[in-house]
Ligand SMILES: CC(=O)[C@@H](O)[C@H](O)COP(=O)(O)O
Ligand SMILES: NCC(=O)COP(=O)(O)O
């Protein structure tokens with residue numbers, strides 16, 4: 001069954017526009033977990049535009065609570081920039097998702113070119129595996145690069161789904177989906193777990209899961225938090241969970 005990890009970056013974004021803890025990032029994490037999310041995702045960027053160092057530790061404390069036993073912490077970031085390594089080797093999350101973002105990236109906009117980063121990825125993944133449960137690489141839907149992800153030691157890959165979201169509702173929709181299915185089969189054949197994320201929403205999520213039912217996890221933030229402005233966060237999480245549950249056994 002495809003699990004949902006809720007990314008709370010955007011709650012932190014709003015919180016940072018005033019000097020008060022409103023809205024609370026830990027409240028959002030708890031609400032998402034109480035609604036049934038498998039876990040919480042954060043992306044502590046070097047400029048701390050949204051998730052700040054203290055948020056990372058505060059969410060760790062939430063996930064230590066008995067009520068959330070078995071839920072997962074997914075921390076995203078570029079291991080070669082900022083304080084990512086320091087944070088994850090201290091917090092020891094269930095999953096480290098490595099993303100090749102430049103420090104000033106507007107948002108995540110590409111997957112790893114493993115072919116151009118083999119040696120340093122082998123080293124950093126080997127180190128991270130001593131501190132976290134799984135290492136996932138944020139990847140474009142490129143079967144060749146995905147096969148290399150296995151070779152450098154990744155446990156999972158996360159398909160960067162912005163191209164899929166951009167094609168949604170256009171004539172290119174099914175051509176792009178086919179690329180993602182091919183990439184997903186390459187991950188499956190390589191023995192990699194499969195995650196997906198970026199710009200997934202209530203409109204495009206079901207079709208993706210329906211065609212890639214072996215998807216282990218989606219991490220969703222931007223659209224889910226935007227939807228929550230209309231429905232409330234608990235109902236927004238439940239709406240995404242309903243889609244995850246509907247299309248997988
Ligand atoms: C890696 C990815 O696609 C997202 O998880 C990322 O966290 C989005 O970053 P922003 O929330 O800063 O746009
Ligand atoms: N890895 C994707 C993620 O955590 C959230 O991406 P988005 O839903 O905010 O685009």
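Just so it is clear, glycine is given a Cβ too, placed from its N, Cα and C backbone atoms.
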Record-annotated 3-amino-2-oxopropyl phosphate site (TrEMBL): member among 47, 55, 199 besides 7, 18, 221, 222: 199
Site co-member for 1-deoxy-D-xylulose 5-phosphate according to TrEMBL, given 45, 50, out of 107, 161, 170: 107
Contacting recorded positions, sequence order - 18, 76, 158, 199 vs ligand 1, Cβ under 6 Å: 76
Spatial neighbours of residue 43 (active site, proton acceptor), counting only the recorded positions 18, 158, 198, 199, 222 and Cα distances within 10 Å: none
Those recorded positions in 7, 45, 198, 199, 221, 222 whose CB falls under 6 A of ligand 2, listed in sequence order: 7, 198, 199, 221, 222
Integer Å distance between the CA atoms belonging to residue 45 (1-deoxy-D-xylulose 5-phosphate binding site) and residue 199 (3-amino-2-oxopropyl phosphate binding site): 18
